[in-house]
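The block underneath contains the structure these notes are about, expressed in structure tokens.
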Amino acid sequence: MKGLFTALMVSYDQDGNINEKGLREIIRYNVDVNKVDGLYVNGSTGENFMISTEEKKEIFRITKDEVKDQVQLIAQVGSVNVKEAIELAKYATDLGYGALSAVTPFYYKFDFEEIKQYYNSIINAVDNKMIIYSIPFLTGVNMSLSQFEELFENEKIIGVKFTAGDFYLLERMRKTFPDKLIYAGFDEMLLSATVLGVDGAIGSTFNVNGKRARQIFELAQQGKIEEARAIQHVTNDLITAVLDNGLYQTLKEILKDKGVDAGYCRQPMKELSSEKIAVAKEISNLFL
Ligand code: HMN
């Protein structure tokens, strides 16, 4: 399960319904053009926290059907509704997803015992492996090294998607858990995270910029830091422009510019204005 995973975008039509044809095109673009090692399905980038259980299942099903065994698949099943998380974990496991992931439970201020119980409840209900999805800037959940250690005592919890800028903690985790999988979550910090020894990365911008992510990752692993840095600089010019214009909407416009029917974002995310669509096209022409 090492390597680069695209945090898969989902194509929705203007009424917010899943556009199956568009979703299949996004998947193909990632497998055939970006050539990533795997897909992270129903994460933040898939707009997972705005869709229903049935829609989540549909996305898991379509993705597995399109990919078959061409690349690795991780199913993000986390939900503050633990029953839903378990239902999705069973569903994705039955479909043949190679691993599960679950965001730390959010909104309510759960204490660590509750967080631990959440992970153990989900993963002990299925015959699969779990990757913790830690994204403190969106969830407000910050876990310490010793808390990760406690979670990792369950051998079915095999790793963490580390979407944070705390590289002191990342270094401590790498040293303390040499056998656990650590994935970088911020694409703009891929080089630094790779230098610290992450096993892979999971990123939204890989939907369009997967080739550069591969170069950064591999060059850094080979110790060719200057070359990797030059590509990270261009990548971050791209990422900065995308973030300024509206992250997921702009990534979708870039995909459309590449001939992929990436559709619209789900409400309450708003549609891009015509000016911003023009900016997205410029970004696409300039960088991709
Ligand atoms: C997911 O759950 O979809 C991804 O794993 C999220 C991923 O870490 C992205 N984070 C968010 O979108 C919140 C990053 O790729 C991020 O979009 C990128 O680094 C730009 O900041």
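Cβ coordinates come from backbone N, Cα and C, glycine included.
No curator has checked TrEMBL annotations; they are predicted automatically.
Bear in mind that the values here come from a model prediction, so they are computed numbers and not experimental data.
Secondary structure from DSSP puts Tyr133 (active site, proton donor) in a beta strand. What TrEMBL lists as active site, proton donor is Tyr133.
Residues or ranges marked as active site, schiff-base intermediate with substrate in TrEMBL: Lys161. When secondary structure is read from DSSP and collapsed to three states, Lys161 (active site, schiff-base intermediate with substrate) falls in the strand class.
Sequence-distant contacts of Thr45 (aceneuramate binding site), defined as residues of its own chain at least six apart whose C-beta falls under 8 angstroms from its C-beta, comprise Ala7, Leu8, Met9, Ser204, Asn207, Tyr248, Leu251. TrEMBL lists Ser44, Thr45, Thr163, Gly185, Asp187, Glu188, Ser204 with the feature aceneuramate binding site.
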Sparsest-packed among the recorded positions, when each Cβ's other Cβ atoms within 10 Å are tallied, from Lys161, Glu188, Ser204: Glu188
Binding residues Ser44, Thr45, Thr163, Gly185, Asp187, Glu188, Ser204 (aceneuramate) - maximum C-alpha distance in whole Å: 17
Neighbours of Ser44, Thr45, Thr163, Gly185, Asp187, Glu188, Ser204 excl. site residues, C-beta within 8 Å of centre, aceneuramate: Ala7, Phe186, Ile202, Gly203, Thr205
Pairwise CA distance, Tyr133 (active site, proton donor) versus Glu188 (aceneuramate binding site), rounded so that it is a whole Å: 18
Neighbour tally for Tyr133 (active site, proton donor), based on other Cβ positions within 10 Å of its Cβ: 25
Intrachain C-beta neighbours of Gly185 (aceneuramate binding site), sequence separation six or more, cut-off 8 angstroms: Ser134, Ile135, Lys161, Phe162, Thr163, Ala164, Ala201, Ile202, Gly203
